[in-house]
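Asker: TrEMBL lists these features:
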- B:46-67: transmembrane segment (TRANSMEM)
- B:122-139: transmembrane segment (TRANSMEM)
- B:151-172: transmembrane segment (TRANSMEM)
- B:180-375: domain 'ABC transmembrane type-1' (DOMAIN)
- B:184-207: transmembrane segment (TRANSMEM)
- B:219-247: transmembrane segment (TRANSMEM)
- B:259-279: transmembrane segment (TRANSMEM)
- B:291-310: transmembrane segment (TRANSMEM)
- B:362-383: transmembrane segment (TRANSMEM)
Amino acid sequence: MKKNMFVSAAFGVAAALIAGTAQAGTLDSVKQKGFLQCGSNTGLAGFGQPDAQGNWTGLDVEFCRAISSAIFNDPTKVKFTPLSAKDRFTALQSGEVDVLVRNTTWTISRDTSLGLNFTGVNYYDGQGFMVRKNLKVASALELNGASVCVQQGTTTELNLADYFRANKLQLKSVTFATSDETLKAYEAGRCDAFTTDASGLYAERLRLAQPDEHIVLPEIISKEPLGPAVRHGDDQWFDIVKWVLFAQLNAEELGVDSKNVDQMLKSDNPDIKRLLGTEGKFGEGLGLSNDWAYRVIKLVGNYGESFERTVGQGSPLKIKRGLNALWNKGGLQYAPPIR
Amino acid sequence: MTATDASSFPTPRTDPGPAYVSRATLQPSPPPASTVGPWAWMRTHLFTGPVNIALTIVIALLLAWAIPPLLRFLVIDAIWTGQNREACIYTPDRTVVGACWAFVTDRAAYFTYGSYPMAERWRVNVFFALLAIGVVWLLNLKAPRRDIGGIYFFVVLPIVSYILLVGAPWLGLRTVETNLWGGILVTIVCSAVGIVVSLPLGIILALGRRSTMPAAKLFSVIFIEFVRGVPLITVLFMASVMLPLFVPYEFQPDKLLRALIGIALFAAAYMAEVVRAGLQALPRGQYEGAMAMGLSYWQMMGLVILPQALKITIPNIVNTYIGLFKDTTLVVIVGIFDFLKTIEAARIDPTWGAPTVSATGYVYAAVFYFICCYLMSSYARGVEARLARADKR
């Protein structure tokens, strides 16, 4: 992992040198190509996965479609490049993809030495625990002496050890090479608890024989802010990707969604007017048309719609908004105003 | 039966001959009961000695232990119809859940075509049909006009397939980018290209390596040793990640094409070594005899050496083909969704989040790969048997 980071970093420097001169205008090159090249997941429940017809769906996928809508007024002008965890950064640095929306955790090393800019957080994730209901445990702090099934060689394993040490709890971790094995072992009763990123816990729980006999504990023991990333050196593109997410968040806050957006065009609320481009020339500042946010909301929807459809109540995962609720509803999602 | 009573035969002969001459052919008596029938077969095959008896019992126990649960999982408890995970989860009424075939039938189209646009999937079907016709035409010895079959397979089919799959706007077939291809389509395309390209290229490389021309020899040796010394995933990875750094977007070859070239060159290097083994196995006399008859180099190779060398190496050639067929799953490294990857991607879908979905997906993959590889190896066995007849004379 460390070596990978080093190679990626070296790559980043080389890529930045080349990219700095050759690829000043990502927006221009995207417009010229006629489509957005989006680095996506090779398959992650709720975030990016193909459906029965082979169409990509998921929260990250919808965000790529939102960017495409803002630029082309068409959510389908996206080509997805499925990337594994280890080549995602190289692909972005080398210019193979224009934007990386692949449940990537925002960290300082990635933001600096890898030459990336994170444009925001489209999902606040974090590591959580799943236990059997009949264990009668309501909090992770009651897991003293518990055995925990965890996938080895991941940050998850390190976070687990840190959390137990910090809270002076006895830990018996049982490690496995793959996530499948880990889940099987947990189901077979080899351990009391199962840990992975909270978004993954819900998907894994569905694979258990009796999903209802297991609960996800409320504690989140690590910070995993997942967000879209772009290359260093193109501020206009950075702004576009950043504000597409902010537009979706602002739309939810203002109660504008894909169904009522056309009526909202007639709204007297100045915030809505500025959002939808009936007042002001904010789209031009981004190098887009002034109805850029209208297109995003009309064609893809606001953040809440997207969330519920892909990972929330409208999906089999049924993840609660939690940290991803708007700031005025007890969550962390807060977008700067459009003005 | 003793056929001595002459009066019982309606014989027209007037002269009965000596009394000790039988008037009719004796019926052969049946073989001893101990050498025919299932019991005898079992005795001579399964229970010849203590070791054999022990082995038979162990294997029978093994089968008895493995097959019933497998059968129960795959067939008896299996779920055949359903729309989503509800069909395959445990409920109070359904406490045993076998293989979730409903998942495979629901996603069968995705496993076959990947993300290929729905409206254009008939083109893939036509391609499969054309390929099947080509394969049968070429491999079935009794097929008529196999010379035309050869032209069809090696010239017409690649061109038509390219037009069909990639598209040709001037024919009204809209372009389908290869990043939408997936599933069995990609697996078949990758292995077909690899198999068809690698043999001729491998033969040329093998001849080059044994050539007396220094340039040809050096090139072949360097190519073969270099390609064999680098893992396939490295080649694929370099082609997909390094190339965009140096080549502007407009001039980059298609991602699938890059992978196809990588696979074909890779297989060619291995094939070259297989063919070289065959060339080396032939006695020098064959070369000298051919030369003594005044044949040119290419005549010697085409008429005398290669037919013999390839015959010897058929098991190895097929071995390489089967390896290649399974190696095509490595294209997933560069984000191409081959058959196995489509199963991987579909099984994590929460719509089908149920306990046995993953296992069912993998069983489906195993069955597909087994059928393909088994067909290849059994055809090769047939060819071997046919060619070996010459040696048995």
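Cβ coordinates come from backbone N, Cα and C, glycine included.
Are these features on the surface or tucked inside, and what are their neighbours?
Answerer: Note on the transmembrane segment (B:219-247): residues 205-206, 208-209, 211, 253, 255, 258-259, 261-263, 265-266, 268-270, 272-273, 327, 330-331, 333-335 of its chain, located 6 or more positions outside it, place their CB under 8 angstroms from a CB of the stretch.
Cβ atoms under 8 Å from those of the transmembrane segment (B:259-279) belong to residues 189-190, 193-195, 197-199, 201-203, 205-207, 209-210, 220, 223-224, 227-228, 232, 235-236, 239-240, 253, 305, 308-313, 316-317, 319-320, 323-324, 327-328, 331, 334, 336 of the same chain, restricted to positions at least 6 beyond its ends.
Residues 203, 207, 275, 278-279, 281-282, 317 of the same chain sit 6 or more residues outside the transmembrane segment (B:291-310) yet have a Cβ under 8 Å from a Cβ within it.
Residues 74, 99, 104, 111, 139, 184, 314-315, 317-318, 321-322, 325-326, 339-340, 343 of the same chain, all 6+ positions outside the transmembrane segment (B:362-383), place their C-beta atoms under 8 angstroms from a C-beta of that stretch.
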Asker: Would you mind listing the long-range same-chain contacts of the transmembrane segment (B:184-207), meaning Cβ under 8 Å and 6+ residues beyond its ends?
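Answerer: For the transmembrane segment (B:184-207), the sequence-distant neighbours (Cβ-Cβ under 8 Å, at least 6 residues beyond its ends) are 111-114, 116, 124, 127-128, 131, 154, 165, 220, 223-224, 256, 259-260, 263-276, 279, 301, 306, 317, 320-321, 324-325, 328-329, 331, 336-340, 368.
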Asker: In terms of Cβ proximity under 8 Å, which residues at least six beyond the ends of the transmembrane segment (B:151-172) contact it?
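Answerer: For the transmembrane segment (B:151-172), the far contacts come to 120, 123-124, 126-127, 130-131, 134-135, 137-138, 178, 181, 185, 189, 196.
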Asker: Take the transmembrane segment (B:46-67) and find every residue of the same chain, 6 or more past its ends, with a Cβ under 8 Å from one of its Cβ atoms.
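Answerer: Distant contacts of the transmembrane segment (B:46-67): none.
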